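Presented below is the structure to which this report refers.
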Amino acid sequence: MLNGRLPLLRLGICRNMLSRPRLAKLPSIRFRSLVTPSSSQLIPLSRLCLRSPAVGKSLILQSFRCNSSKTVPETSLPSASPISKGSARSAHAKEQSKTDDYKDIIRLFMLAKRDWKLLLTAILLLTISCSIGMSIPKVIGIVLDTLKTSSGSDFFDLKIPIFSLPLYEFLSFFTVALLIGCAANFGRFILLRILSERVVARLRANVIKKTLHQDAEFFDNHKVGDLISRLGSDAYVVSRSMTQKVSDGVKALICGVVGVGMMCSLSPQLSILLLFFTPPVLFSASVFGKQIRNTSKDLQEATGQLTRVAEEQLSGIKTVQSFVAEGNELSRYNVAIRDIFQVGKTAAFTNAKFFTTTSLLGDLSFLTVLAYGSYLVLQSQLSIGDLTAFMLYTEYTGNAVFGLSTFYSEIMQGAGAASRLFELTDRKPSISPTVGHKYKPDRGVIEFKDVSFSYPTRPSVQIFKNLNFKIAPGSSVCIVGPSGRGKSTIALLLLRYYNPTTGTITIDNQDISKLNCKSLRRHIGIVQQEPVLMSGTIRDNITYGLTYTPTKEEIRSVAKQCFCHNFITKFPNTYDTVIGPHGTLLSGGQKQRIAIARALIKKPTILILDEATSALDVESEGAINYTFGQLMKSKSMTIVSIAHRLSTIRRSENVIVLGHDGSVVEMGKFKELYANPTSALSQLLNEKAAPGPSDQQLQIEKVIEKEDLNESKEHDDQKKDDNDDNDNNHDNDSNNQSPETKDNNSDDIEKSVEHLLKDAAKEANPIKITPQP
């Protein structure tokens, strides 16, 4: 049966799955000569496991049956693409990543360009303090040589040969120099800290500025928790790199240069010997620096994920508690913590290997210099003082090199965090809020011409296709339709959060795709179903976004118009009452009325009401509808309402009905459409009306009621049986049911209910809206 070919084995997958592209990337699998003693013998291969990164799980070859005693020839699955191409791409990616690292570092330091005077002053003070500090080994060497040549002399009679000064005067001058070095060190620390704080503040301001001017597509793809993490933890890492480590790095660089110069002047032979240890140090810094940078970026991303989870849990804490899901959310948070722990552990091992390598090289160099320096002293080629000074310079220079390695490590971490911040600043929004012509408001004529639209995050799901309608100036129009058919999307398109895929949207005969977004939005007021208030006072929220400062009378007038003046005046601080984050100290209806006042005080040309009265009680809704009715009569603005409730639809003059495909199926006066029982509006409102119980629901209730009566009767019989010990056996046989009988009855009840539900589903008809001529 084999006939020179290996048949399809039992791989635990279907034959048609092998044709999928992701399975086509399996590595080449060869089966060597498998000899079977008989044609029907079953060869178990249950232990043979093939693992492919393309699939992500093992494919178990369970068994196959051979019908021939012939040797099975070599057979292989299609091999993957050539390795050379992948290697080339990998090498190119590594080179590109390395280039990006250096670009991020350069960009980070370019932020300090405008403070170059401050930077130069700090470097000058740092040079002074480092130079004085690096003179200590030389001074120690001079003092030791002086003491050796003047053994037995009085201390005050000792003179330094180089300067011809008494030793005590020399030490006094050196003490003054050390004090100057300390003052310079204090000054450089303050200046560099101020400089770094300015750089980080500038970076944060730039990031938040770019973020606030991004388009809606950006916020669809980025969660709030991740953005908060970038502004918080990532900026902190950059701040630490720019404050502590930059200062230490510059100090280490100066100390290293001065130390190498002093060592070369003391003993060129020992200096040449130390050069052999330089390449290994540079090599380790190059190898481990890249790893540290990558782990730092991974750590920041894991921290961002943790922040996202915490932000989602805390913002929805009432939902979590109402569903008693604290345990599930705790598990989610623990998973994010474990991810951070794993990345942190990897970073710890990488840093440990790097610092251990540099420390080992430093210790080896120190011992080598000590051994060879001792030989030079014995050969009278080097004095004891110079050897001591050289050894101290070796230690100082080693610490400087170690400081540079730490500086490089921290800079790589800062580059990893900075790259995430630069991703935000470098992104150009598809809809710039500051580009375009200034909107010239007229009367608020709105027209959609052959508009088709899909959200950028879901391009395959079309919301509109060739949508056409026109809204007259000063009119009141309500947009209704089935849920999820794009009613709120129309509001987003009018505010130009998105551009239509095809077609044009005009306001006052001006194509909004060519208008400045800020200029357009200043003339459009919007009240959403779930209003968002800012932390601050009630006055701040009513006047939010205004380009001028309104008078107290204007604020009070619009508050009365929206029927929120009464409850505001009941607060101790009235309009200056702080309402907390997102208005948490107010009720839902109070927040909604303040949001309406916020929209009306700007006197917009177009007012968009997206379920604006959904959070109000009947009395408040009636009052607000009265206000909107007065606005409609004044014809001062075009009002576009999005609603499901009849009370909201009724107040509008005209109605636009959207169908299931997102197209307009009906337009007209509300009274005319509502009076016509065959109109799309009537059909939609009748479907949304709360119907009485169906026949199936009544039957289900009867079945459940019957079961409850049976259970009650069983309970009474059981109680009677327990009280009557003499007739116990007889009652058990006649009244009590066996467990099997009870289970059968429960199954019958469940099947009856399930059958009735199926019948109800069959009889249920979806909403069908037919276009009216």
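Using N, Cα and C of the backbone, Cβ positions are placed for all residues, glycine too.
Per Swiss-Prot, the feature transit peptide maps to 1-90.
Look at Swiss-Prot and you will find 73-84 tagged as compositional bias 'Polar residues'.
According to Swiss-Prot, the feature region 'Disordered' maps to 73-95 (among others).
Per Swiss-Prot, domain 'ABC transmembrane type-1' is recorded for 119-413, and the stated evidence type is sequence analysis.
Taken from Swiss-Prot, the feature transmembrane segment applies to 123-143 (among others).
Feature annotation from Swiss-Prot assigns transmembrane segment to 170-192 (among others). Beyond the transmembrane segment (170-192), the same-chain residues lying 6 or more positions past its ends with a Cβ under 8 Å from any Cβ of the stretch are 118, 121-123, 125-126, 128-129, 131-133, 135, 139, 160, 163, 243, 246-247, 250.
If you look at the transmembrane segment (257-277), the same-chain residues 6 or more away from its ends with a CB under 8 A from one of its CBs are 130-131, 134, 137-138, 141, 361, 364-365, 368-369, 372-373, 376, 381-382, 386-387, 389-390, 393-394, 396-397, 400. What Swiss-Prot records for 257-277 (among others) is transmembrane segment.
Here Swiss-Prot flags Gly481, Pro482, Ser483, Gly484, Arg485, Gly486, Lys487, Ser488 as ATP binding site. The local packing around Ser488 (ATP binding site), expressed as other Cβ atoms within 10 Å of its Cβ over all shown chains, amounts to 16. Ser488 (ATP binding site) falls within a helical segment according to DSSP.
Looking only at the domain 'ABC transporter' (493-733), the predicted model's pLDDT averages out at 79. For 493-733, the entry in Swiss-Prot reads domain 'ABC transporter', with the evidence type sequence analysis.
The feature compositional bias 'Basic and acidic residues' is assigned by Swiss-Prot to 706-733 (among others).
Annotation comment: Swiss-Prot describes 706-773 (among others) as region 'Disordered'.
The annotation compositional bias 'Basic and acidic residues' is assigned in Swiss-Prot to 740-762 (among others).
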Message = Do any residues, 6 or more residues outside the transmembrane segment (123-143), come within under 8 Å Cβ-to-Cβ of it, and if so which ones?
response = 160, 162, 167, 174, 177-178, 180-182, 184-185, 187-188, 191-192, 247, 250-251, 254-255, 258-259, 262, 266, 383, 385-386, 388-390, 392-393, 396
Note = The sparsest Cβ environment within 10 Å, among the binding-site residues Arg485, Lys487, is found at Arg485
Key: Output field, ATP shell: CB within 8 Å of site CB centroid, site Gly481, Pro482, Ser483, Gly484, Arg485, Gly486, Lys487, Ser488 dropped   = Thr489, Leu658, Gly662
Query = Pick from Gly481, Pro482, Gly484, Gly486: which of these binding-site residues has the biggest number of other Cβ atoms within 10 Å of its Cβ?
reply = Gly481
Note = In all the protein chains shown, the tally of other Cβ atoms within 10 Å of the Cβ of Ser483 (ATP binding site) is 7
